């Protein structure tokens with residue numbers, strides 16, 4: 001009979017240990033590309049995300065609920081992304097960030113059918129900002145259309161645009177061509193002239209495009225690429241007589257690129273959706289409670305980098321959405337998390353972000369951003385957080401979302 | 001003992017020409033087929049949708065490629081482009097109003113036509129030079145897809161597959177999609193096993209081994225090489241369409257990039273050139289091993305067994321994977337199929353040592 005008693009006791013003990021505690025564990029799937037195409041950003045970005053979640057848990061979680069990140073490498077391969085998504089979904093994740101356009105595209109329809117949240121900050125489809133067509137997708141941050149508009153708005157504020165010439169130098173891919181409708185529309189409105197100069201992917205060699213740019217004699221230059229090609233763009237531009245101050249970049253230009261270009265980089269401008277540097281309350285607390293406590297998830301030197309802060313910001317917004325989603329007293333699911341996102345109004349992550357507001361229609365969060373300039377050591381903002389040409393951006397988003405409804 | 005060879009005599013030509021002459025092999029294949037068909041009943045949706053389904057489809061792709069590379073000896077490093085043609089053609093055909101069944105066949109024919117044009121290079125060049133010609137195909141097709149919005153589907157270059165039904169069964173549920181893919185893979189497998197014994201298959205082998213010698217004995221290299229490209233591209237094109245409708249359901253150019261071509265070549269080489277079981281094993285290895293290793297390593301890391309940075313942790317499975325490929329090829333240069341063959345031969349006569357074949 002002793003064995004029966006032992007068995008009963010053990011069962012009771014095991015059941016007692018695994019019984020659900022009052023607070024639940026919220027799971028986010030950060031299934032990203034650490035090994036293939038997006039390596040220039042993923043390491044720092046994911047480090048920021050994990051460190052922010054560590055800070056959140058150290059400070060007591062979201063109303064006592066802890067947040068766990070499920071982190072996997074997908075190698076930018078859609079079929080691996082689908083596997084990672086299905087597995088994380090089974091493990092209970094309700095929010096996903098793939099940081100990979102092909103993987104996000106492959107999972108998009110499934111994730112909406114499953115009513116889980118897909119966040120696509122600074123990647124993926126811009127038209128997913130239309131929450132009526134993409135109810136469970138949150139681009140969260142300014143789309144590439146909004147980024148292009150913000151850069152043009154900044155050019156306008158510095159020296160005017162009437163009769164000016166803009167050279168748009170971009171990687172020859174759907175991502176590189178994305179701002180073209182914005183340029184087309186604004187050229188007519190603001191009276192400037194522009195020309196597109198594509199270079200072949202991945203952009204290690206761009207001299208052909210830039211000697212064309214030299215002949216075009218532009219007043220402003222916009223560079224639209226990502227990864228190693230960005231440093232090549234800046235370097236080749238300067239070799240071809242473009243002044244650094246004329247160069248305006250998409251969000252993908254960071255400290256690493258500045259280190260690769262060297263001192264010549266001083267004066268180059270880029271779009272930013274989050275502030276960089278460590279002079280922010282959240283970053284300070286991460287430094288004290290996560291990094292100094294030895295709980296950081298990567299190289300300490302990355303803390304405060306542009307992409308690191310971008311990662312921090314994504315998780316800060318997601319955590320705020322989870323907090324608001326839990327307010328109703330219901331358990332957190334994809335649906336309540338979506339409702340939480342749509343309750344966010346004027347949230348600025350203690351100054352790390354422009355104030356963002358999500359509604360059932362607008363999943364971009366307003367699209368505010370600013371322009372910052374490399375001063376030789378760090379990125380210094382040269383404009384305030386602004387929303388440029390919101391009506392135009394919204395129109396482009398809705399046009400594209402309509403096409404998605406039709407099957408593209 | 002396991003295969004019970006004693007008493008198995010082939011007394012008629014028909015018995016001697018069976019695909020699986022030994023009853024034990026036959027039963028094994030029948031059992032596997034039954035297990036495969038019933039998979040949706042006992043495999044969880046996670047494993048069916050993320051492992052078994054892609055494995056079946058990629059095996060079909062590897063079979064298509066190994067017809068060209070293994071049987072006919074023509075290297076092809078742009079096979080993902082062939083599949084892309086099939087996928088895009090099938091979607092646009094269905095949208096145009098063509099019934100799905102017919103669209104599958106037509107997309108295969110379109111892929112065959114374009115594949116054969118590029119295969120024309122094989123009439124003049126061999127080996128590495130042919131690799132260059134097929135690489136050109138990969139990049140040309142990629143470029144056309146990306147730069148013609150009418151093909152790729154607008155600014156975001158994503159094309160969703162329309163709702164279709166195959167022989168009145170909607171290709172919608174996971175089980176239906178799996179069965180369609182399995183059906184196509186079985187058709188290709190049976191076709192491949194039989195083509196080896198036809199005059200066309202023997203002509204392909206003759207061309208592979210030495211094309212002028214083949215010409216001397218009356219095999220027309222011109223016709224045979226082009227036929228090899230056409231057949232293989234047809235199979236690849238339909239497989240691409242199956243991949244689009246049954247697995248991805250939203251087609252983007254990245255799904256058929258250069259790295260996918262290399263993966264397909266790796267499947268064929270790791271599995272064993274020109275082998276049916278090699279295509280299945282190779283596809284399984286190349287497709288699923290990185291996923292499996294990633295999950296194992298992440299599991300170990302979660303348990304605190306691998307105290308390294310996230311970055312190194314993500315690359316660790318790749319290192320193990322690379323070492324495994326080198327290891328397998330050192331152990332048996334003829335691929336996984338040969339490893340299977342060695343094991344089978346050992347058990348054919350077990351507990352004795354020497355096998356006839």
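Quick reminder: no glycine exception, Cβ is built from N, Cα and C everywhere.
TrEMBL labels come from automatic prediction, so no person has curated them.
Within the set B:27-45, B:198-216, the record from TrEMBL flags B:27-45 under the feature transmembrane segment.
The feature transmembrane segment, as given by TrEMBL for the ranges B:76-100, B:226-250, sits at B:226-250.
Note: the stretches the transmembrane segment (B:226-250) and the transmembrane segment (B:27-45) are not in contact (fewer than 3 CB pairs below 8 A, sequence gap of 6 or more).
Scored on C-beta pairs under 8 angstroms, the neighbour of the transmembrane segment (B:51-70) with the top count among B:27-45, B:102-123, B:130-155 is B:27-45. Proximity of distant same-chain residues to the transmembrane segment (B:102-123), defined by a Cβ-Cβ separation under 8 Å and at least 6 residues beyond the stretch ends, is recorded for 74, 78, 82-83, 85-87, 89-90, 93-94, 129-130, 133-134, 136-137, 141, 221-222, 225-226, 228-238, 240-242. Taking residue pairs at least 6 apart in sequence, the transmembrane segment (B:318-337) and the transmembrane segment (B:130-155) share fewer than three C-beta contacts under 8 angstroms. Sequence-distant contacts of the transmembrane segment (B:318-337) (same chain, six or more residues past either end, CB-CB distance under 8 Å): 266, 269-273, 275, 277-278, 281-282, 285, 289-290, 293, 297. For the transmembrane segment (B:27-45), the list of distant contacts is 20, 52, 56, 174-175, 178-179, 182, 186: same-chain residues at least six beyond its ends, Cβ to Cβ under 8 Å.
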